[in-house]
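Mind having a look at this structure? Questions to follow.
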């Protein structure tokens, strides 16, 4: 009789032979760790699933399968099974030969790409703080380790790995639930040669949380790069960029949170600079990047006073330095912050009229400029990474989708609305691929089974994205925004009234005089209460 250990590499055979009771990372008996794949549970109930996950978690197993789906429970500590030893264990092994692991899923994807000559994709979804970005890092790290290649391929691998600290510096921040929360969505496409060598790549980014640049909730921080710069800058940089302590800057001091336990901003700043170097951003451009970051900080300290119902800059000194860092004339900056041009057409003639802004509109314009500058800087860095990894012809690829988790905060803005809508769409894809399509196949093949009842969240997606009869929330919002200039103030109340008329009877929508609630698959989300919106000061948002 053939031994199940035959055909394995010597290291893997020795590892398994010495681990009949437990694997080297375990602290308890493996038999107490529930089942590896929850389709094998005697009873498939919510309580049984939760109990199995709990058993495995307490026994240091954070990974569990549900068929082809891998469940990962965030341990909030460094686990001991992400070393070269595990890479050797999972490389080339059948997916179910070893305990569930992100490496098993990644190796299976990589082998399928090579054997079937088909592109692969993994979707990482979950609540905010579930560990999605860390999982994406392990996927990219595993591919880098198991794939071959010469000097050029190694350079691409370095860029793939170094893109993480750079994008985390500019795109991640401390939130209430996560000290290193991704505040943007990312689809990373790792491109391969026909021999399986990673020789190119491309990043698509979306939904950057621009509002964080100008305001943060209590116990949260702005993007990491600001604190890294203030902690890690050299004396010369501090002098040239006019850097002070974090509490000096309006864009940092609103939440009164500056430090994060376990985070060394000074050391991380060095990693950020090193990542820019590896990616190929020259020192002169790195300096311009930091100059723009500092310029945005100083821009936030410009305040305004009322002067006959018009806004005036409170301090010329606080205006001059951000203008210098941004490379524009201070008078020109003041003009753009306190006035706007309106183009009008009358009798076939066009005319530009200068309109002076009030204090609220000027502050809105300042913040819109800061958000716009930061968003363009982030896009520039993504493009720099893409240029460094560009290849003339794409052959095979593995895509990794790392997006915000579902979010329910005390204060939920438009960004949370967009984030949660994306998560609804991902949930819909999951339902289509794993529940609906599977059962439709049973019907086609005449297989007898007990139909699985599940909530199809298409009804929630339709509530948000429907175009007609009735229009969804997005369509109503578009309509209100298009008529804001004509109707003047009270846009939020107009939105509530139109939403009530369009979707007020929808089972997943509730509204009242101060706001509305969307019943998502993961919970109820209350957007912020209405507030008067200033007239559009020029379109920068």
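The count begins at 1 with the first shown residue.
Quick reminder: no glycine exception, Cβ is built from N, Cα and C everywhere.
Not my notes, these are from TrEMBL:
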type    : residues                               : note
BINDING : 126, 127, 128, 129, 130, 131, 132, 133 : ATP binding site
DOMAIN  : 33-541                                 : domain 'Myosin motor'
Around the ATP site formed by 126, 127, 128, 129, 130, 131, 132, 133, list the extra residues of the same chain whose Cβ is within 8 Å of the site's Cβ centroid.
74, 178, 405
With DSSP assignments reduced to helix, strand and coil, which class does residue 128 (ATP binding site) get?
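DSSP call for residue 128 (ATP binding site): coil, neither helix nor strand.
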Report the same-chain neighbours of residue 129 (ATP binding site): residues 6+ apart in sequence with Cβ closer than 8 Å to its Cβ, ordered by sequence.
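Same-chain residues close to residue 129 (ATP binding site) (Cβ under 8 Å, separated by 6 or more) are 74, 175, 177, 178, 181, 405.
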Express the predicted model's confidence over the domain 'Myosin motor' (33-541) as a mean pLDDT, rounded to an integer.
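Taking every residue of the domain 'Myosin motor' (33-541) together, the mean pLDDT is 90.
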Long-range same-chain neighbours of residue 130 (ATP binding site), Cβ under 8 Å, sequence gap at least 6?
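Spatial neighbours, sequence-distant, of residue 130 (ATP binding site): 72, 74, 405.
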Of 127, 128, 132, 133, the binding-site residues given in the record, which has the fewest other CB atoms within 10 A of its CB?
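If we count Cβ atoms within 10 Å for the binding-site residues 127, 128, 132, 133, the smallest count is at 127.
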May I ask which residues of the same chain, at least 6 positions away in sequence, place their Cβ under 8 angstroms from the Cβ of residue 126 (ATP binding site)?
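Long-range Cβ contacts: 72, 132, 405, 406.
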Just how many other Cβ atoms lie inside 10 Å of the Cβ on residue 131 (ATP binding site)?
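I get 21 for this one.
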